[in-house]
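Step one of this worksheet: look at the structure below.
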Amino acid sequence: MLTAVVLRFLRSKLFLTAIFFASFTYFVVNFYSDNSNVLLSNEEVDIHDVGSGRRPLGHIFQWQGSEDNNETSSKPSSCRNSVQGKALIADDKGYVCSRQNVMPNGCCKAETDGTKHYSCETCHNNGCCSIYEYCISCCLQPDKKEVLQDVLGKAAGTLNLLLTSVTDHFELCLTKCRTSSQSVQHENSYRNPRAKHCYGEAPPPLETEGTVDKNNNEHFLH
Amino acid sequence: MGFGLQVVKCRNVYQWKDSRQRQPRNLYMSVLMLFIAIITFVNSDCVINETLPVSKEECDGIVESSQQVHFEFSSKVINNEYIVAFNGYHSSASRANFIAAALNPFSSSGWKIVDRQNLAADYPSDFDLLRIPQQIEVDGLSALRNHPLIKRVTPQRQVFRTLKYINESNSDEFKEFRRFTGRSSLSLGNTFWHSTGRYSSRRLLRAIPRQITSVLQADALWNMGFTGAGVKVAVFDTGLAKSHPHFRKIRERSNWTNEKTFEDGLGHGTFVAGLIASSKQCLGFAPDSELHIFRVFTNNQVSYTSWFLDAFNYAILKKIDVLNLSIGGPDFMDQPFIDKVWELTANNVIMVSAIGNDGPLYGTLNNPADQMDVIGVGGINFEDQIARFSSRGMTTWELPGGYGRVKPDIVTYGSAVRGSSIQGGCRSLSGTSVASPVVAGAITLLASGVIQSGGVVNPASVKQSLMASARRLPGVNMFEQGHGKLDLVRAYHLLSNYRPHVSLSPSYIDLTECQYMWPYCTQPAYHDGMPIIVNVTILNGMGVTGRIVDKPTWHPYTPQYGEYLHLALTFSDLLWPWSGFLAVSISVSSEAAQWEGLAQGHVTFTVESPPGEGEDEPRRSTVNLPIKVRVVATPPRAKRILWDQFHNLRYPPGYFPRDNLRMKNDPLDWNGDHIHTNFKDMYQHLRSSGYYIEVLGWPFTCFDARNYGALLIVDPEEEFFPEETLKLRNDVEELGLSLIIMADWYNTTVMKKVKFYDENTRQWWMPDTGGANIPALNDLLTYWGIVLGDRIWEGEFMLGGHNMYFASGTTLSRFPADGVKVWRSLKDQGQEVLEGELTGGTELVAVMGFYQTPPRSPGRIVVYGDSNCADNSHMQKDCFWMLDAVLDYAVTGGEVPLAFQENPDGSDLELSNGGSPPKRMEGNQLHRYSKVLESSGQLDSAQPQARPLPSCPQPVFSVPSPLNKSAPTNLYQSQKLLSVSIDSSLPILPVQDRLLHNPFQALSSLDVDQMADDLPSGYRLQSDWSVSTKFALTIMTLAALVLFYQFYRNRNRPRRTRKSPRLKRVGVPSPNLSPTIKAPSV
């Protein structure tokens, strides 16, 4: 008796329709949700994972030549510059000037006293400088190309990750002159606090014991 | 979970949305239910009522960690009111009769049954509330108790509850693993909350706001069409999965660790990124921002400065706009890291960082959040209380000579906030790690709005706007809340109308304003005192560099006695990057030595920055700093105590070990040892006992002993200059200064034992002193025949009726015969540390000594062997009562209190138990961090020698230029930067198609409580465009199917001659008109 009722119920159109609707809805919803996910990942998400260690194809590295910064391009339309400096700014033409002498287009006023071109002030022979802006200017010298090609070729680890993202000479100098993983010893102190900005391949030479002691030095100055 | 009151509401309609991304089975069921719901128009509210032990997840269909409201209550007895409990239930009339019968002898005395006006009053009850006049209280109560039907009579209590949200455990909550010197991610593991009483007390489960974005009214900005588009946000964390369903625009992922993966193995990075940019379920603030994921933490929570340096350089190269650092560490002397953070802000990267999870202790700020150019974010809970874990100020960079800056800058929700989980759902997490991305996300959203309208977005303008628009929390001081709680909408108004200018933090100095200006408001200024220093941060929105033109000028207000104040102003030569400091040292002139009152004035200065883009003239901005000081007459000498700050050394830079050797998980002494940091409670106690406490940030040669009753030397790590030793001798013997010394342990063998390998610097760290520098202290005290020993003692004992805990301390090894010694039995903790177990028993040692220096001077010396009982860091039992007694002895010249003279039998022993005087550890590097020692030669083996004594600071008071004006009495004007239009509603621009518009989103002013109770609205906000589209599609499909079915039936059953009007109602998908389809729902 009971089974008959159940069977009749199971066979009833009503029940079958309900099942059909439910299944169909499930199908429809699933179809749409899958579909939209695909759309999402194709259109919206283009995630670039950095870390291949190689320069992406199609990126041509722009070296700064010695010929294009003479009379022909004496009035550049605009410059990128080093942005951050306390007092000095280096622009992408290799000029270093004080902040007051930066023109609205971002370039240094070349004519002004105190503005220097391709200056290696405060830089040592090993390619390390005390002042960031001079490091950039020095690094932009056309004859530094060979040194920099070595840098690009030989950088390892996370530093390499950084340098493979650089697209031209100025960006390379901007980036290479910053303090980086190469600049530190024991993680929390500079290898050489007095010459920590290096465009060259070699890390800053370690300062000899005794002079590392920051507190001592400070006190001598008092 | 436990039992508890739970009120959870949910509706099936919303349940479907939330659960559909979980799993197909759920989805299937939900769709079926939805279908039925639509057909039947049954609005089946699922209401779980109070007593059911059901978690709300069962109703939501969400599996997530839950939050609980920790429920603390205190109660007080209400006089004359009693609860009379009966045996069994009776109607109110019969209950009144019983009481009347019992109180028959006192019928005229005016007792009264208090009406309880609630629904239960109509039903029989087993108790009544009775008010009895005092005169018959005793007799009346006993009469009641004797009545056979009355079970008991108890006093009525009034219960006060404070609710505190607690993050209940989450199964995949990752462990807090603090690397002591390195940076760690600042979220909390569940172990944090395992405090006492949680499982025994009653708890109330209350709904928590579903969406952090709704609480902060991000909807208002979304409705204007801003969603973070075009803003580059960098998340420096543990990485993120590429295909996480919550994120729309992950632009780039980079890995800077030594693990070869981009994925997040911990969930921290996912959560943080989710708060910024999640677009589903638990929403982030800026779903359309461009995410740059920087993986700088390994799954073992390891990171190195060098990784950060390269990753930061990459962020500069990629021109990141907003950078979130939910990480931090105590080392603010990691110069390469600090320089790099400056470099980032100088390159226009807005840095947001978590202030740290080391609260409620003070002096626990983490770097880089404590830097002036970084926005340091603290955490609050959803009840607007500062979260317990949130680190407190002040900054301790400036010690000992200066005073800390105000940090955090701003606070926001950081406790039990919901965000993305690693598997794709939601979870909740607590910590300033959570608060930081809330602010970073909010800034991203703000920036996307302001950039479109051509506004100014730079690290300073954003910080200035956030601080000026923040809502101050009442009763919380500035070292806990900074400028207050983030207010996104107000910040938007400020930032969109921003003109580059200079502002100050704090923006005024009102030393009378409690609680906000704690601790300044707790002690007035007076003549002859050490200057009160307020360290003001200058924010310059005009450019990355700036300079103060001329000098700041001090304008005392003549009518308000401003001339009684002498101000010495020191300031940054160059404001870079975007910021600088102005330190205001306030002294009181000699004319006001006997004067009491308020003195006011203001400091004003102008900052100049290079011209902006397209400008010719330098930018200039002038800012005023109002000052208000309460001045009192100089207190008598006996009430004045000097705290020696100069001889406290701390981590960083060196390894100064903890003062309590049991605290193995916190090996460093890093809170600054200042009366306003980890000795805060001691300071408060002494202030409330009437003492005035001043801080000496210079050598002992820099104070006049005739002004002070006692000098407190607590836990000194520094050496003493020979000149200091001589001067102190004279101060005590000739000038009657008393010394109170709280020492700590020193044992070279134990010091070698507690060395550790530091992951961050990849070096072995050997402590340079013990808990305190006992050899130096002995040098200072041997003149009086006082010597402390090298054995380390621990134990509990009774002293003067108080329980004392001697954590890790030294004891007397020599003491003058006429001094009073306090002997107690203690365990040899040094042996326990060295051998791993305690073998010997207890020994009698002299923990304390009182000494009256030779008769012609009143100078006295009190030495106690341990400082932990005054230090909040690891305090178990405080000994403030003892300090009171000791100070009383030291400054009044009375006898040694009797409490200290009750020695156990066998006293008058030899002091040999204390051990021999310790020698300085061979080869220690103290001279590297010391202000007193310097290494004598190039070789480390050479004995370090004392440096030349530095000269004492001579304050250069700025020349006052008085003004004949008065300032308002209340300097704080919370609304001063805001126009009237701000509280009016925001313009609602055409909503982007992806944002579902609904009335709940336009909530213009909603408070947290409303949000908490208004759960369904929170639910609606979770919708996004795909869900809504699918929803519509499904309904359409269903409607079509229903109609098809009806059509089919009608065609197959021509006997039922229903006319076609039914079929014409195509446009109304109202399936319930068909009575047969209703059947399945029954």
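Including glycine, each Cβ sits where the backbone N, Cα and C put it.
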Which one of these stretches, B:663-690, B:1055-1082, shows up in TrEMBL as region 'Disordered'?
B:1055-1082
Give me the CA-CA distance between B:SER433 (active site, charge relay system) and B:ASP237 (active site, charge relay system), in Å, as a whole number.
10
Using DSSP, break the domain 'Membrane-bound transcription factor site-1 protease-like N-terminal' (B:77-157) down into helix, strand and coil residues and give each count.
34 helix, 32 strand, 15 coil
Tell me the residue counts in helix, strand and coil for the domain 'MBTPS1 third' (B:505-634), as DSSP assigns them.
12 helix, 69 strand, 49 coil
Between the Cα atoms of B:HIS268 (active site, charge relay system) and B:ASP237 (active site, charge relay system), what distance do you get, rounded to the nearest Å?
7
What are the sequence-distant neighbours of B:ASP237 (active site, charge relay system), meaning same chain, six or more residues apart, C-beta distance under 8 angstroms?
B:SER185, B:ASP264, B:HIS268, B:GLY269, B:VAL272, B:ALA273, B:ILE293, B:PHE294, B:ARG295, B:VAL296, B:PHE297, B:ASN324, B:SER326, B:ILE327
According to DSSP, collapsed to three classes, what secondary structure does B:ASP237 (active site, charge relay system) have?
strand
Let me know the model's mean pLDDT on the domain 'MBTPS1 fourth' (B:635-894).
92
Comparing the active-site residues B:HIS268, B:SER433, which residue's C-beta has the most other C-beta atoms within 10 angstroms in this structure?
B:SER433
